[in-house]
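Novice: What follows is a single structure, and I will ask about it in a moment.
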Amino acid sequence: MMETERLVLPPPDPLDLPLRAVELGCTGHWELLNLPGAPESSLPHGLPPCAPDLQQEAEQLFLSSPAWLPLHGVEHSARKWQRKTDPWSLLAVLGAPVPSDLQAQRHPTTGQILGYKEVLLENTNLSATTSLSLRRPPGPASQSLWGNPTQYPFWPGGMDEPTITDLNTREEAEEEIDFEKDLLTIPPGFKKGMDFAPKDCPTPAPGLLSLSCMLEPLDLGGGDEDENEAVGQPGGPRGDTVSASPCSAPLARASSLEDLVLKEASTAVSTPEAPEPPSQEQWAIPVDATSPVGDFYRLIPQPAFQWAFEPDVFQKQAILHLERHDSVFVAAHTSAGKTVVAEYAIALAQKHMTRTIYTSPIKALSNQKFRDFRNTFGDVGLLTGDVQLHPEASCLIMTTEILRSMLYSGSDVIRDLEWVIFDEVHYINDVERGVVWEEVLIMLPDHVSIILLSATVPNALEFADWIGRLKRRQIYVISTVTRPVPLEHYLFTGNSSKTQGELFLLLDSRGAFHTKGYYAAVEAKKERMSKHAQTFGAKQPTHQGGPAQDRGVYLSLLASLRTRAQLPVVVFTFSRGRCDEQASGLTSLDLTTSSEKSEIHLFLQRCLARLRGSDRQLPQVLHMSELLNRGLGVHHSGILPILKEIVEMLFSRGLVKVLFATETFAMGVNMPARTVVFDSMRKHDGSTFRDLLPGEYVQMAGRAGRRGLDPTGTVILLCKGRVPEMADLHRMMMGKPSQLQSQFRLTYTMILNLLRVDALRVEDMMKRSFSEFPSRKDSKAHEQALAELTKRLGALEEPDMTGQLVDLPEYYSWGEELTETQHMIQRRIMESVNGLKSLSAGRVVVVKNQEHHNALGVILQVSSNSTSRVFTTLVLCDKPLSQDPQDRGPATAEVPYPDDLVGFKLFLPEGPCDHTVVKLQPGDMAAITTKVLRVNGEKILEDFSKRQQPKFKKDPPLAAVTTAVQELLRLAQAHPAGPPTLDPVNDLQLKDMSVVEGGLRARKLEELIQGAQCVHSPRFPAQYLKLRERMQIQKEMERLRFLLSDQSLLLLPEYHQRVEVLRTLGYVDEAGTVKLAGRVACAMSSHELLLTELMFDNALSTLRPEEIAALLSGLVCQSPGDAGDQLPNTLKQGIERVRAVAKRIGEVQVACGLNQTVEEFVGELNFGLVEVVYEWARGMPFSELAGLSGTPEGLVVRCIQRLAEMCRSLRGAARLVGEPVLGAKMETAATLLRRDIVFAASLYTQ
């Protein structure tokens, strides 16, 4: 075709091409161009150079011509070695611990060795990262003290643990396995496997052995010699024996390998039986502290420790139980000598060559106890957040948080632990840190005995019972009855030298309350106020006076105490600012002698010499030195730690005569005073002002009275304004102290630490908490009741539900649901404001309780008690009111028909109508009618009360009573199915959706009940009773199962919500396995989610160490405030980024259902000390930091110390995640923070 043909031309001759030579500037180079009209020359110096394209250059160098790279040199090129085939390497196994050992068999009498036998060793394959057993090998020496977040904790005491011993000592039934058909052909997790189907092969010769025959006579369980001999006895020729075995003794094949494993597990894995409980499961054993111990030295001829004094009775009883290795709970008054019990436990551990841990709630108390115990025992160590002294000692002193960390991290110190001493146990009531005590008590292993030291608490037996059930051991409770030094309580109303004698006894040393003293104080105050009003006019009294009034009050009080030789005195003031003001206002007061001044001066110089020069010139140091020289001291959280220790030591020496302190001084070592003064009986608890609780008052007042020096202690309450009410004083001074209450709450650290251990569950931790104790202490009774109900249910006869009774189960369930729905609606009505308003005098109601069944009544009077409202109601009844429960109304409706369920079917008297007056609770009223009667409630009640007396019993009722009864009877006869009632939605204006939906559901159920067919059967009553009995038993069984299950836990919904938060953020997977982020969070001491997110978001790695420290101060600072505008832009951006991450976490928490709002979560961050920490990390002296913030020096020090602990946690977390750069920065940040006065060594450790 012509369209497809192409013209083929010959190639052009190169000589015919129009080539032109172009000179390239002045370079001497030429270029041939095949372009018509090309120029004869270019620029004078050629084209300007241009940057080559990087991508083209890289491709040219590395891809197009890579030969120039030294990588491709022959000497560096990759070589391949031929693998040598070694089939025998498949038989090699890795080195493993020897699972057996040789044990000598000796003659029982002579001890002569008769032979050796091989015994299996236990726990040879355990490690700290796979087992919770105490028999696992110790971890690395570097981790023996603190443990490691990747290690497992030791098994908590009191929990059921299936041990290896149980598996080895059981009588294992010999199970024979068919090695031809019972083996798996598809490995777990694979879709395909090996095909072992029989093939067409010639039948093997009779003399060949099968695998089953070869393995049958092997003694895999290590049987005795007789069995081995029996197996090996020749029964004939060798060939005959072997060939006859498979035929004469065929293998008994199991139906399934899974069944076999389950059968073995059911017979083998059995939780160990709990120790035999005491009678009636009495775990808390009260000990009579007044019963003398006459044979003390006969029972303990060589005590582990002796004192220079004779121990008290309660101390001897506690020591006797310690010798028996019992756990004790000593609840004694302040300064009664609880430390004696701790000292004996420490001495006993040293005698046994074991270890003791002494825990305290605060670090300052740990330092003080370290000094005291070191002076007594010598071999004592101290572990706090920033100090580690003698960790190898037999007695270690630490805070409870550190012990919790050691327990979770599997520290090997726990192995040698014999005693754990919990001091100040009443601190468990602390909202923030009380949960730590419960965690530690739950996680302690079984071999550790517990010593609890506490002030007197009313529920010591209950708390001990919880610990006893928790650990399955008896706890002996020893309480003191009286104080060693009785107290006298006074009211002081003076305010000048003329009135310094106005001291009125209110509560004497025998505990008698003197109303005379109270009224005398009131009269003295009134008289002075009237004179003041006559001179200066009336003035409203106040609780707190001004500085001038305070100065007059304290000068007059201290003058009176000094005259009576009642110094030293501790003045408890519930404000840091008022402490400083009151001490500073006493400029004219000097209470020390010249020799005491010299001693104070030398002590101050010696203690302050360890500080740098500028730190010794701090305003607080100079001011405190001046106060101490005059015998005054101040002690609160705003004081520098070294100054607080100086004040404490001088006070213990008697050189501080007057100490103004907050209530934290009442917690700690025994530092009693002659007198204790309360500046006020009201305090601010963080949310509101309130009176002191009895426990708080007793704890602080207990510092009065020095044992062995004072016959009585003096407690004085200042009345600067009006005298407090007598009832308030009586409740505060003589009321019962606060009970020990659970503050258990879920934290992400707790959840992650338990989730990483398969054998421990968070639900078990919640079950064993003190908050669940009231509902869990009857678990054994619930189990017994459940077993009895199960047996009873099995003995019941099945109801016949054939024919017309086929819908009997539905009818029963409809009736039950209708009743529950009606009760719910009525409960909502009674809880509403409009519902309670409608229940006024004269309202007609339907009464339904144990005595009355749907009887009409009229409300006569409405009153309120401490819990709910009480309605005094006149109710219709038979005449006379039957006292036999079998004759009452409800019995007639034992088998409910539709008319009984739908509507009320009001009670009508069978004979003459009578009435009674009863007190009803809101739940006793089944309905509120629309009818209101005009009644005179007072007259009716008065007449009814009169007729209850024997001599007026036959008097006729008043006309008001008769009229009310006739109105009720007429209303019941007119509406036998129930009078009109108030509609909860239309009449009472209830907008609750549950009420609206409940009303709709109730009407639907009424229609279903009226259409039921079972009620028409003559067998309905008998079969209904059978079904109801069965359903009631099943319902009770479901209730008991619920109480015994995890679903009844109070914190279970929150636990699921927090796990969902962790799953959303990627800390755990769908199966609950802890991922890398979760393991990093376990290493954090606080703010675990926020710190982990900041680390994984790379928000810290790009910052300098001082900037990281400044940002993290927002997580530990307790002083609210803004960061200010003088910060570098890097810090401002960092603060915004931290808040953004916190907001994201808060939003996830809200999305998962937690109650904490995003604003509350972000509001926990306080960046008020960012600039202070930033400048401190950059090297600014502490003396120059005061101008950057108005925060007290003590709080600044506290913030920096906690910040250094957080930096160490982040350093360990960075190493765990593989971030050496961040770890190095955190190490640098901690080093920058740890300097000068902030980290000055405690005086107690020198």
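The backbone N, Cα and C atoms fix where each Cβ goes, glycine too.
Annotations per Swiss-Prot:
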REGION    220-246  region 'Disordered'
BINDING   Ala332, His333, Thr334, Ser335, Ala336, Gly337, Lys338, Thr339  ATP binding site
MOTIF     423-426  motif 'DEVH box'
DOMAIN    585-755  domain 'Helicase C-terminal'
Novice: Can you check how the pLDDT averages out over the domain 'Helicase C-terminal' (585-755)?
Specialist: 89
Novice: Within 10 angstroms of the C-beta of Ser335 (ATP binding site), what count of other C-beta atoms is obtained when all protein chains are considered?
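Specialist: For Ser335 (ATP binding site), the 10 Å Cβ neighbour count is 20.
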Novice: Mind telling me which of the binding-site residues His333, Lys338 has the densest Cβ neighbourhood, counting other Cβ atoms within 10 Å?
Specialist: Lys338
Novice: Tell me, if you would, which residue among Thr334, Thr339 (binding-site residues) has the fewest other CB atoms within 10 Å in the structure shown?
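Specialist: Fewest other Cβ atoms within 10 Å, among the binding-site residues Thr334, Thr339, is found for Thr339.
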Novice: Ten-angstrom check, please: count other Cβ atoms within 10 Å of the Cβ of Ala332 (ATP binding site), all chains counted.
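Specialist: I count 25 other Cβ atoms within 10 Å of it.
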Novice: Restricting to the chain of Ala336 (ATP binding site) and a gap of 6 or more, list residues whose Cβ falls under 8 Å of its Cβ, or answer none.
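Specialist: Those within reach of Ala336 (ATP binding site), by Cβ under 8 Å and sequence separation of 6 or more, are Asp312, Phe314, Thr480, Arg483, Pro484.
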Novice: Identify, in sequence order, the residues in the chain of Gly337 (ATP binding site) that are 6 or more apart from it along the sequence and have a CB within less than 8 Å of its CB; answer 'none' if there are none.
Specialist: Pro311, Asp312, Gln315, Pro484, Arg707
Novice: List the helix, strand and coil residue totals of the motif 'DEVH box' (423-426) as derived from DSSP.
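Specialist: For the motif 'DEVH box' (423-426), the helix, strand and coil counts are 2 helix, 0 strand, 2 coil.
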